[in-house]
Each structure stands twice: as C-alpha cells, then as structure tokens.
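Q: The structure's right below; bear with me while I get my questions together.
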Amino acid sequence: MSPASVPSSLPHFVAFFFVLSSLWAFPMAVASSDHQNHAGVTRHYKFHITLKNVTRLCNTKSIITVNGKFPGPRIVAREGDRVLIKVVNHVPNNITIHWHGIRQLRSGWADGPSYITQCPIQSNQSYVYNFTIIGQRGTLFWHAHISWLRATVYGPIVILPRRNDSYPFPKPHKEIPIIFGEWWNADTEAVINQAQQTGGGPNVSDAYTINGLPGPLYNCSQNDTFRLKVKPGKTYLLRLINAALNDDLFFSIANHTLTVVEADAVYVKQFDTDVLLITPGQTTNVLLKTKPHSPPNDTNFLMLARPYSTGLGTFDNSTVAGVLEYDNPSNHDHDHHNSSSSSSKNQTVVPLKPTLPQINDTSFAANFSSKLRSLASSKFPANVPKTVDERFFFTVGLGTNPCPRNQTCQGPTNRTKFAASVNNVSFALPSTALLQAHFFGRANGVYTTDFPSFPLRPFNFTGIAPNNTNVSSVSSGTKVVVLPYNASVELVMQDTSILGAESHPLHLHGFNFFVVGQGFGNYNSTTDPAKFNLVDPVERNTVGVPSGGWVAIRFLADNPGVWFMHCHFEVHMSWGLRMAWIVRDGKLPNQKLLPPPSDLPKC
C-alpha cells in the first residue's frame with residue numbers, strides 16, 4: 001500500500017523528514033496567547049519509568065511506576081495546549097504509554113499502543129510523546145499499553161477549558177481526581193503469562209483501589225484508605241476514572257446524590273444519580289454537592305465501588321471503600337480544640353454505607369447508559385454523521401482455540417484454550433509497528449487489509465451457543481480495515497453468547513464516536529435503525545457493548561493513521577479481542593499524517 005503522504009523523490013523526503021523530526025525532538029516553547037483565546041502553551045513533562053517497593057494488604061512487592069508514584073502523576077493542560085512528555089525507561093520491561101482518549105489529530109506516532117503506532121521503548125531508552133489537545137476538555141487518563149503493565153502504570157489527565165472559557169455548570173469549590181484500579185499481590189506479568197500457557201482464565205486481583213488505596217473492607221488495609229475531606233454547603237467536581245484491568249464498576253457515596261456533567265472529556269446533559277456505572281477506559285465527571293451543615297462528629301459516609309459482571313469467568317468479587325469526611329467546625333466553637341478533640345475521640349464513628357446494585361444488574365447498566373446525552377448546544381454541538389458511507393457489523397465475544405498437541409489446557413471445554421475475537425478474527429500483534437509499515441508502504445508480511453466487514457458465518461448470536469466454539473485459526477492474524485479519509489462510518493457491535501453473554505468495554509483510539517443506538521438480543525438491521533438517536537447521542541471513546549445485546553456507533557474518519565480498537569478488559573485483549581483501522585490521508589496538506597519523529601523507538 002503506497003501512502004499518499006510519502007513524497008515521490010526519496011532525497012526530498014529524507015531532507016523533509018529530518019527537518020520535521022528535528023522540530024519534534026527539539027520543540028520551541030510556544031508563548032501563551034491567552035488574550036487571543038486561540039493558541040495554547042507548550043507544557044513539558046518528564047516520566048521516569050522506575051521500580052518501587054509498595055506495600056498493600058500487608059504484602060510488599062516491587063512495582064513499575066512513573067516517577068516513583070502509584071498511581072502516577074497527573075497531567076494538567078488546557079484545551080489548545082501542546083503537550084510534550086519525555087518517557088525514560090529505567091526498568092527491564094519494554095514500555096509504551098497511551099494518552100487514553102486524546103484525539104491525536106495527525107499525531108498518531110504519539111498514541112502509544114505497542115506494535116500498533118510504535119515499537120516499545122526498551123530499557124535505558126527514551127521517547128518524547130508530542131501532541132496537541134484539540135477540541136477536548138474534561139477528564140481523560142494515561143496508562144501503559146503493553147502486556148498488563150497498566151496494572152500499576154496509570155494516572156489522570158485533566159484538561160481545563162481555554163482561558164476565559166467557563167464550565168457549563170457552576171464553578172466547583174475544588175476538583176478531585178478519583179481513579180479506580182486493582183491491587184495484585186502477584187506479579188501481573190506472571191499472571192497473564194501463566195494464563196496464556198495454560199489456556200485457562202487468569203487469577204484475579206486481590207483488591208480494588210481508589211487512588212491506589214484498597215480501604216477498610218480488606219484485611220490489613222485500615223490505614224490505606226482514601227479520605228475525601230469536604231466542607232458543608234460546597235460543590236466538588238469529582239473526576240472519576242476506571243483504570244481497573246478487568247472490571248466494570250458501580251460507584252456510590254452514602255446519602256449523597258451525584259450530578260453527571262461530563263463523560264470521556266465531552267460535556268453531557270446533566271442528570272442526578274445515586275449510583276453510576278463506569279467501565280475500564282471510561283471517565284465521568286460528577287458534581288458532589290455537600291450537605292448545608294456538617295453532620296455529627298460520629299458520622300462518616302463511605303464511598304463504595306464493586307464490579308458489575310455477567311460473564312461465566314471468575315472475577316474479583318470484593319468492594320473498595322473510601323471515606324467522605326466533613327470538616328466539622330463545632331469543636332472550634334465549643335471547646336477550642338481541633339476536630340480530633342477528646343470528646344470526638346471517645347465517640348465511635350459510624351460509617352454509613354450506600355446500596356449498590358446486584359453484581360449482574362444489566363437493566364441498571366442499560367438504564368444508566370441511556371441517560372447519557374450530548375449537550376447538543378450551539379457552543380457544544382453533537383456533530384453526529386446523518387448519512388453513512390461505510391457500514392460494518394462486528395461480533396465481539398469469547399471463544400476457544402484447540403489445545404496444541406502434547407499439551408494439557410485449562411480452557412472452558414476439554415482440550416481447549418480461551419480465545420477472543422472480532423468477527424471471528426483473533427487479532428495477532430505484529431513484531432513491527434503497523435503505523436510504520438503503513439506510512440512507509442511496507443505492509444507486505446506485516447498486515448493484510450481483508451478484515452471482514454460482517455461475520456463470515458452468521459448464527460444466532462445471543463441464542464443457544466453453537467457446537468463449534470472455535471475461533472477460526474484460518475481467519476486469525478493481523479487484519480485491518482482501510483477507510484478513505486473523511487468517510488462517515490456506522491459500526492454495530494454485537495455481543496455473543498458463545499461462552500456466556502458479557503458486557504465488553506470497546507475503546508476506539510484516535511476518535512470520539514456517537515452512541516446512536518443500543519438494545520438487547522440480536523441487532524435487526526431492518527427495524528432497529530429507525531430508533532437511532534441522531535439528535536443528541538452521547539459522544540465517547542469507550543462504550544460498553546451490552547451483555548447479550550448490541551450497540552451502534554457513528555464516527556467521521558477525519559484522522560489519518562492506524563487506530564487500534566479493542567476490549568478494555570486486559571484479559572480479553574490478550575486473547576485477541578482487538579483489531580485496527582487504517583484511515584488514508586486526505587488530499588490537502590492538513591489532512592495527512594505527519595512524518596515520524598526522529599526518536600521513534602525501533603523494534
């Protein structure tokens with residue numbers, strides 16, 4: 001495939017490449033132009049990937065961190081800012097970082113998924129991620145995007161509005177990132193390696209965490225509790241992020257209502273809820289309005305998160321707790337002591353617990369997701385494609401592969417290994433980066449462009465499972481879909497019940513998409529499109545494909561490059577529930593992928 005962006009004359013290209021790559025490697029600081037409200041500033045960060053001993057649940061282990069922090073440091077920028085992050089790898093493992101949800105317009109070299117847009121950063125090597133935040137504001141996050149290193153390598157991205165722009169809701173008193181994760185006593189690399197060898201399901205995590213802390217409901221974890229101290233009569237913006245490896249989570253705060261105002265760095269129509277659902281890869285901003293007066297000293301409010309799961313596999317069936325504490329001024333008034341005065345010390349604190357839905361409450365999941373709608377205002381329009389150029393129907397779900405000869409496998413049925421697929425294609429990662437192969441016209445032997453647009457062998461997707469649960473070894477491999485620049489795309493993703501119906505959080509790199517429809521059972525291409533919402537559908541980068549159902553999304557292929565799409569359950573991605581889109585260059589100069597930077601890691 002000969003990319004349109006490569007000049008025909010090689011000497012000209014080499015000169016052009018080095019001029020441009022030098023700009024990437026040594027960026028000039030861009031002066032702030034706040035008064036114009038257009039150009040942003042350049043923000044520099046340095047990420048040192050290092051090992052650090054961390055103790056949780058009375059278990060100390062060496063984990064991979066950024067700058068010795070778990071979770072990692074927050075990235076703060078404004079809409080319109082350019083961000084340069086130098087990542088220096090000091091550990092034996094290869095590493096890449098993905099800036100989850102950042103559109104990466106024409107800057108796909110900075111997207112981060114290993115062997116898709118870049119080769120990994122090897123030990124003692126470095127790479128500068130260089131991107132500009134265009135048309136986004138809210139909460140996203142960054143995380144490792146190689147093997148299961150995301151277990152400890154993650155942190156928040158806070159995108160503030162441009163200067164002189166305000167939130168479409170009252171300015172909060174404070175803003176607090178709350179990032180959900182998982183703690184594993186075991187080494188997660190050993191966990192997935194063992195699962196890949198045996199073909200069975202991997203062991204599960206030992207605890208969920210809030211900002212790296214498991215909380216008081218776990219053994220030996222009383223002191224490792226996230227505490228949110230608040231004042232009465234104030235409004236707080238909670239920036240919620242699900243960075244857990246393998247679990248959707250319900251979240252609630254006892255006796256408090258949350259107002260949802262943003263999802264995946266896009267403002268939404270506000271609605272109140274006592275409980276919210278957040279899948280791995282999703283972010284949700286909520287307003288927490290505290291009570292007008294401090295409750296008694298002996299009252300605390302628990303914030304709880306626990307999984308939503310409908311699959312047959314094992315999962316960490318436990319609950320993480322944090323504490324919402326009111327700053328109580330009554331002690332200052334009465335006995336001139338601080339809030340830990342002798343009178344309050346003798347009181348037993350009664351933590352109030354919220355009620356969370358049942359673990360398999362799929363109707364709650366569907367009702368919650370249906371409440372999310374775009375603002376669709378003149379300032380924040382919902383530019384959902386009204387017409388469709390390219391239609392796709394993808395089945396997503398689990399299956400099996402035969403066990404190799406002379407090997408004992410621990411898959412779901414006799415002599416099988418777990419596998420996962422999209423349209424029965426279990427995607428194999430190449431040994432070189434797809435984006436390099438595409439850009440330099442060297443696809444041969446790296447990938448093929450025959451990814452099926454529809455299932456090759458249709459069946460009753462959500463009915464009784466077929467006898468043959470194998471993912472076809474013939475169709476597996478590194479297959480991609482090629483899209484012309486600016487094509488409007490409609491994609492229906494259909495869950496399958498081959499190994500039990502299950503919700504799959506599907507994440508699309510390089511784009512936001514509009515969720516125009518969803519339902520249970522099998523998608524009906526004749527009757528279901530009539531119910532699509534083309535007025536104010538929610539705009540996201542990660543969507544939960546309903547358990548035993550389907551979801552329809554639309555997006556405009558206006559970002560040239562190679563873009564990964566995968567289940568954000570790490571175990572499903574490891575089993576092959578992933579694929580890639582190639583968007584060709586457009587005809588105009590600003591519609592072409594920029595050349596690679598000079599420090600792009602080599603395989």
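Quick reminder: no glycine exception, Cβ is built from N, Cα and C everywhere.
According to TrEMBL, the feature domain 'Plastocyanin-like' maps to 49-163, 175-328, 466-586. Summarising the annotation, TrEMBL assigns region 'Disordered' to 323-349. The signal peptide annotation in TrEMBL covers 1-25.
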Q: Can you tell me the mean pLDDT for the domain 'Plastocyanin-like' (466-586)?
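A: When the pLDDT values over the domain 'Plastocyanin-like' (466-586) are averaged, the result is 96.
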Q: How does the domain 'Plastocyanin-like' (49-163) divide up by DSSP, counting helix, then strand, then coil residues?
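A: Tallied per class, the domain 'Plastocyanin-like' (49-163) gives 6 helix, 58 strand, 51 coil.
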Q: Across the domain 'Plastocyanin-like' (466-586), what are the DSSP residue counts per state (helix, strand, coil)?
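A: In the domain 'Plastocyanin-like' (466-586), the DSSP-based counts are 9 helix, 56 strand, 56 coil.
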